[in-house]
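**Q** Straight from Swiss-Prot, here's the annotation block:
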TRANSMEM  1-7  transmembrane segment
TRANSMEM  31-52  transmembrane segment
BINDING   His37  heme b b562 binding site
BINDING   His51  heme b b566 binding site
TRANSMEM  67-79  transmembrane segment
Amino acid sequence: SALFLAMHYTPDTITAFSSVTHICRDVNYGWLIRYIHANGASLFFICLYLHIGRGIYYGSYSYMETWNIGIILLILTMA
């Protein structure tokens, strides 16, 4: 869904809101693509947090190298 959104989205600060409105109104099923993309991203981060919680529960933080690589990947994912 991100590829279809990227075809119509304009990152310019002046026209960004207009391009989102264009996606929702003028693109066939654009509102659905935007909705699926937003909910898919939310689900991705929920799964990410569950994975961190599982690592904390099972004591994976004691493996410092593995844990630090995971934290770096988390920060890079959010950046």
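Placement of Cβ uses the backbone N, Cα and C atoms for every residue, glycine included.
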**Q** If you count, for each of the binding-site residues His37, His51, the other Cβ atoms lying within 10 Å of its Cβ, which residue has the minimum?
**A** His51
**Q** Measuring Cα to Cα, tell me the gap between the residue listed as 'heme b b562 binding site' and His51 (heme b b566 binding site) in whole angstrom.
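**A** Cα of the residue listed as 'heme b b562 binding site' to Cα of His51 (heme b b566 binding site) measures 21 Å after rounding.
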**Q** May I ask for the residues of the chain that lie six or more residues beyond the transmembrane segment (1-7) and have a Cβ under 8 Å from a Cβ within it?
**A** 23, 27, 33-34, 36-37, 40
